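Pulled from Swiss-Prot, these are the listed features:
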{"type": "BINDING", "residues": "CYS69, CYS71, CYS84, CYS87", "note": "Zn(2+) 1 binding site"}
{"type": "BINDING", "residues": "ASP460, ASP462, ASP464", "note": "Mg(2+) binding site"}
{"type": "BINDING", "residues": "CYS808, CYS882, CYS889, CYS892", "note": "Zn(2+) 2 binding site"}
Amino acid sequence: MSLVNFYGQLSNTQQFDQIRINIASPDQVRSWSFGEVTKPETINYRTFKPEKDGLFCARIFGPVKDYECLCGKYKRMKNRGIICEKCGVEVTVSRVRRERMGHIELAAPIAHIWFLKSLPSRISTLLDMTMRDLEKILYFENYVVLDPGLSILQKGELLTEEELQKAKDKYGEDAFTASIGAEVIQQMLKDLDFAKLKQELYEELQNTTSEVKKKKLVKRLKLVEDFLESENKPEWMIIDVLPVIPPEIRPLVMLDGGRFATSDLNELYRRVINRNNRLKKLIESKAPDIIVRNEKRMLQEAVDALFDNGRRGRAAKNANKRPFKSLSDMLKGKQGRFRQNLLGKRVDYSGRSVIVVGPELKLHQCGLPKKMALELFKPFIYSKLELYGIATTIKAAKRMVEAEKPEVWDVLEEVIREHPVLLNRAPTLHRLGIQAFEPLLIEGKAIQLHPLVCAAFNADFDGDQMAVHIPLSIEAQLEARVFMMSTNNILSPANGRPIIVPDKDIVLGLYYLTIAFDNEVGEGLMFSDLAEMEHALYNKFITIHTKIKYRRNQLNAEGKMVPVIVDTTYGRLMVGELLPSNPNIEFKFINKQLTKKDISLVIDLVYRHCGQKATVIFADQLMKLGFKYACSSGISFGMDDMVVPESKSTHINETQLEIKEFEQQYSNGLITYGEKYNKVVDAWSRCTDRVANDMMKEIATPPINDEPNHQKINAIYMMAVSGARGSFQQIKQLGGMRGLMTKSNGQIIQTPIISNFKEGLTEFECFNSANGMRKGQIDTALKTASSGYLTRKLVDVAQDCIITEKDCGTDKGIEVKSVIEGGEVIVSLAEKILGRTAAIDIFHPVTNDLILNKGELINEVKLEQIESAGLDRIMIKSVLTCESTTGICSICYGRDLATGTLVSEGEAIGVIAAQSIGEPGTQLTMRTFHIGGAATKGAEISSVEASYDAKVKIISRNVVINSEERKIVMSRNCELLLLDNNGNEKARHKIPYGARLLVDDGDMVIKTQKLAEWDPYTIPIITEKSGKVLFKDMVEGISIRDVTDEATGIPSKVIIESKQYSRGAELRPRIQLLDAKGEVITLSNGLEARYYLPVGAVLSVEDGVQISVGDIIARIPKESTTTKDITGGLPRVAELVEARRPKDHAVIAEVDGRVEFGKDYKSKRRIIIHPIDETMSIEYMVPKGKHVVVNEGDFVKKGDLLIDGNPVLQDILKVMGVEVLANYIVKEVQAVYRLQGVKIDDKHIEVIIRQMLQKVEITDSGGTTLLVGEKVDRHEFDEINEKAIKNGLKPAEAQLILQGITKASLQTRSFISAASFQETTRVLTEAAIAGKVDKLRGLKENVIVGRLVPAGTGYFMDKMRKAAVKLDEENSINADKG
């Protein structure tokens, strides 16, 4: 027996390994066809039978009824295969009407619109004509010269009717040949000699220098090569024979009342047939040319409409003025074939209902309504009833089930025992949106859901619905139990933290239970036994909050029980009782007021040390305990729980005074409107925070009251602090002040809402707040769609990323260190490396002991060793450096976050990465509207304080002492480090240019000491020498203007764009410093003291005044701040993964060198960098309005910013390489999510970046057939080079390019996957010309062709089947030999 048969018979979808797409030749179309359709009729209106030779003809497409010919002469199975001599119909199954095709012989050739109009037009590229010219020929406007003969006309020249007539008169009728219509295009395509054309183009490419021409030639050459390789003939792009798709795919159905509904395709086909028949008649009757041509043009338009309606000219519309759905529309978009029917199918054995909470369920259970279960498990019930002899036949069983006989329920109980069902809540944003549960039969009509899985499903019980699906086969049930059971999905695949964490009421209950109150009855009593305590509690000697001492047995490291005395409360001991005994899980972890965070940590600990089963039991018991005490505590809140702090009015008055001062400064012209706005907004932000802090303090310490029933702790405070419900933000609005509101465009309104919800809002405040609330609502509506789209794009780009091997054997890796921002460690090294593998052997820096072997997984134990060794950076393996040719290897990926072990082969990590990044995006958009538009913007940072007692070290210290004896920072990249006693870096702060430095290098500072301060709203321009000011190129009204503020009437001088004036073109406004002799001062770097002023700079000095060192001569105002929320964030993530150029992007230095300003060009400034190694200097042209962050003579390092802004990703890749680029993208994406408190593992982002870096651009073709500028897949490039080296040729050279995810998805190796993503027609056109082969490696293409996906179980089945085939072949060879 062959091994392959062991896997059962291969289904149709498994009998092929790859799919190829080509252009169909006329002969192929005829070979598919079962007959020609010559009549436009569909069915006979009296008999309702298909018309002969019409669009539904039974002779061509097959019988309408199974095994019955049209006239009824032959019926039943016995006659199968007979062709009726009367009506000509073959007696067979009617299903063939879905498979058999027909054809239409066109009376004139027609250009296929996809090859003509789908940009770039393939026909026009091949013939080297413009699209307009082509259309003129095809639609019978102009003639084209095919052979100039004896005339002086050019080949391919276009002639109008008159010009043709003139030429004929001039040269004679037969002197040249010119023709019109699709026939001539077909002839021209036929005449192309590709081998010769390729040679000519190649030579031309070598000789040309024009970039535009090169691009055009490369395009044409690529197309020629595609045709040569795919063996497609170019004349097939012009159609002679039109295929007619099977009738069942374009059905005609009868509605009630005798009317018919038909597919649009039938109407489009009818038009084609009508026009074709008319054209045939006209040609036969030798009608005048002009009429025939008009008919040909109409036929061309009819075929265009059939293939792609609306692509050219006006779309063909039906009686209701709605455009017809053409063949292209059937494939395109969400409702098209790919996405509607192939990627998303509706399934049988499923149902949906509303969900309700099921607190008494176990974690692996769900409650399924009896009615639903009866319907869903019908086939199982039928077979059981028959098996037990309760019903004699299936029909009898069916009747019993419909009557709902008592024995049916007993059988149902048995059928569903241990038969898992899948529950799914839409939208399924990550894989935890579908989980398996064992059903329990319940009365009622709602599905009961376990409270702990709500977080994973993102479900609540306000009317949410869920769908139930039944896994039918034993394999499906097995997979559901092993992979999808809720108890097997405790950790989140996005960050490896537990996702089964108590929430809301449970947290509140546990928090209440673990509170310890002072002066409670029975304080200080000692107990050694829980039963004794229970007795005391029952008799009211103690309460659950009384502080007591208790002797508790604890497991030590040797595994022995040791008694310890702990200070605790009865409530905490109840939680302690649930803890599994393990030496690593100490009582101290729960001997405190438990907040949501603490509970999460405890669950994580239990999972890491005691395994999954213990965790599930622990979580379930915690939940029951939490619910019990949330109920018995009776916590709720009323009006009095919202406390308005007494200090509120004081804070508000102070702030109003502060703002009056700003107004005054603004009126005096000391600050600009933008600065005033920023200062006002900041002042109110601070005020709101102060009021809120005072309120929180008051809530946290309720008034002392000796009444017995007095509530000892504020309910609102309890809810917020425990993490059960509500946030600091919301409570601030209830009892503090609502604060600043945002406008719909993200701008902050200057006047805050001083009232809170307890006091009530004034009419004006109400209006203002409606503005903000509306913003929240709109955000939710709009952003959810764009977030879903982002997820879809991510899934598409990463879907074929699968773990395919254990180790790729690479030595490469990336270096990681902790993320420090504003002097604080935001993400520790430990967080970044946990679950990754070491790229090199790692040794202890002091003892030199080996901590980690290369390729070893960094787990919690190893992490402690690394931390104690004090390592601050580590080389780890990454998917970015993985060298597997298909997919990724386990070692480079590291730990599978959902299981905590090394990732196994076949895991679809690409999809998991996409879901992990996309899912929080959707959640965050929905979060905004809960705050109701209150602005969440921290005050701008304007100083740094020491976060530790430490020693100061200043890097690139360049300071001047100004007239007020203050140290002013003049360096652009000054950094201040805080070092501990051993000289290790504890914090790092960037000190901006123009800041006042309050400490010096080597100083010792204490915690909270101020180190430096600066104005956060302006960028100053500061002098480093004293001297006399001289204005240069400042012409009033051309390069500088007195701007008088409307509100204050104070004028200030502002630099303006000078390009609108002819004489202003060369102006470069600048300030020079003169010494006493009137000569320009020379600075320390040897250059003259010249300060160029960008557009928008506000002057702080007058011409001719004397200034001293460190004075500000001009200020550049910064843009006003808008709120930071995920709205700013999601588009930022999209911008990064789409690799778009940011709006005001930065310019980065490509080399180390000195800066010089060159001669300006029109509206651009010229920045020149002279490299240290004295190679060619590099020029940058930047718009004049942009703020240049370097000065003339500054020394810049490779990668430094020359202009403020976000750098362009492609520049980072080019200048700094892959690792720096990856670090930058990871850092930026993480910053967006971190702002919202979402944790995503770095490796997910790295997977996406890997997919963005799939292609290389050829810089030198060497001895290969690749073209310079062509973009090819990295692995293909390596394969081509290997071949070249084998054949003794020079390998090609290329550089890595970064593609956005949409582009990367569309250029994936699989055309099926790309076509189902976007731009379906373009992808299919390209693929058909190149004769592309889809190897069916990714997930999408396999789903589309109806196979198991090559991931998980499918991956191994595939692997084993391939091995079986190989062994079978070997066995058969051996047998033959034998």
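Any Cβ shown, glycine's included, is placed from N, Cα and C.
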Based on Cα distances to CYS882 (Zn(2+) 2 binding site), point out the closest of the binding-site residues CYS69, CYS87, ASP460, ASP462.
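Minimum Cα distance from CYS882 (Zn(2+) 2 binding site) across CYS69, CYS87, ASP460, ASP462 lands on ASP460.
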By CA-CA distance, flag whichever of CYS84, CYS87, CYS808, CYS892 among the binding-site residues is nearest to ASP460 (Mg(2+) binding site).
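The smallest Cα gap between ASP460 (Mg(2+) binding site) and any of the binding-site residues is with CYS892.
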For CYS69 (Zn(2+) 1 binding site) and CYS892 (Zn(2+) 2 binding site), determine the Cα separation and express it in whole Å.
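Here the two Cα atoms lie 64 Å apart.
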Whole-number answer please: how many Å between the C-alpha atoms of ASP462 (Mg(2+) binding site) and CYS71 (Zn(2+) 1 binding site)?
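Rounded to a whole number, the Cα-Cα distance is 60 Å.
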Fewest other CB within 10 angstroms, which one of the binding-site residues CYS69, CYS84, CYS87, CYS889?
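Counting other Cβ atoms within 10 Å of each of the binding-site residues CYS69, CYS84, CYS87, CYS889, the minimum falls on CYS87.
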I need the least crowded one of these binding-site residues (ASP460, ASP462, ASP464), counting other C-beta atoms within 10 angstroms of each C-beta.
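Taking ASP460, ASP462, ASP464 as the binding-site residues, the minimal 10 Å Cβ count falls on ASP462.
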State the Cα to Cα distance, in Å, between CYS889 (Zn(2+) 2 binding site) and CYS71 (Zn(2+) 1 binding site), rounded to an integer.
64
Tell me, how many other CB atoms lie within 10 A of the CB of CYS71 (Zn(2+) 1 binding site), whichever protein chain they belong to?
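Neighbour count, Cβ to Cβ under the 10 Å cut-off: 14.
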Quick check: of the binding-site residues listed here (CYS71, CYS87, ASP464), which one has the Cα closest to that of CYS808 (Zn(2+) 2 binding site)?
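If we rank CYS71, CYS87, ASP464 by Cα distance to CYS808 (Zn(2+) 2 binding site), first place goes to ASP464.
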Other residues with Cβ within 8 Å of the Cβ centroid of ASP460, ASP462, ASP464 at the Mg(2+) site?
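Near the Mg(2+) site, beyond ASP460, ASP462, ASP464, sit ILE355, ALA459, PHE461, GLY463.
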In whole Å, how far does the CA atom of CYS84 (Zn(2+) 1 binding site) lie from that of ASP464 (Mg(2+) binding site)?
58
Compute the mean position of the Cβ atoms of CYS69, CYS71, CYS84, CYS87, which form the recorded Zn(2+) 1 site, and then list in sequence order the other residues of that chain whose Cβ is within 8 Å of it.
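Going along the sequence, the neighbours come out as ALA58, LEU70, GLY72, LYS73, TYR74, GLU85, LYS86, GLY88, VAL89.
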Counting other Cβ atoms within 10 Å of each residue's Cβ, which of the binding-site residues CYS808, CYS882, CYS892 comes out lowest?
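Output over binding-site residues CYS808, CYS882, CYS892: least Cβ neighbours within 10 Å is CYS808.
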Round to a whole number and give the Cα-to-Cα distance in Å for the pair CYS892 (Zn(2+) 2 binding site) and CYS87 (Zn(2+) 1 binding site).
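Roughly 68 Å, rounded to the nearest whole number.
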Just to verify a number: CA distance, CYS71 (Zn(2+) 1 binding site) to ASP464 (Mg(2+) binding site), in angstrom, no decimals.
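ASP464 (Mg(2+) binding site) has its Cα 55 Å from the Cα of CYS71 (Zn(2+) 1 binding site).
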Would you mind reading off the Cα separation of CYS87 (Zn(2+) 1 binding site) from ASP464 (Mg(2+) binding site), to the nearest angstrom?
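A Cα-Cα distance of 57 Å.
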Where does CYS84 (Zn(2+) 1 binding site) sit in DSSP terms: helix, strand, or coil?
coil
Can you give me the residues near the recorded Zn(2+) 2 site, meaning same chain, not CYS808, CYS882, CYS889, CYS892 themselves, Cβ no more than 8 Å from the center of the site's Cβ atoms?
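So the additional residues around the site are GLU805, ASP807, THR810, LYS877, VAL879, THR881, GLU883, SER884, ILE888, SER890, ILE891, TYR893.
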Can you tell me whether DSSP puts CYS889 (Zn(2+) 2 binding site) in helix, strand or coil?
strand
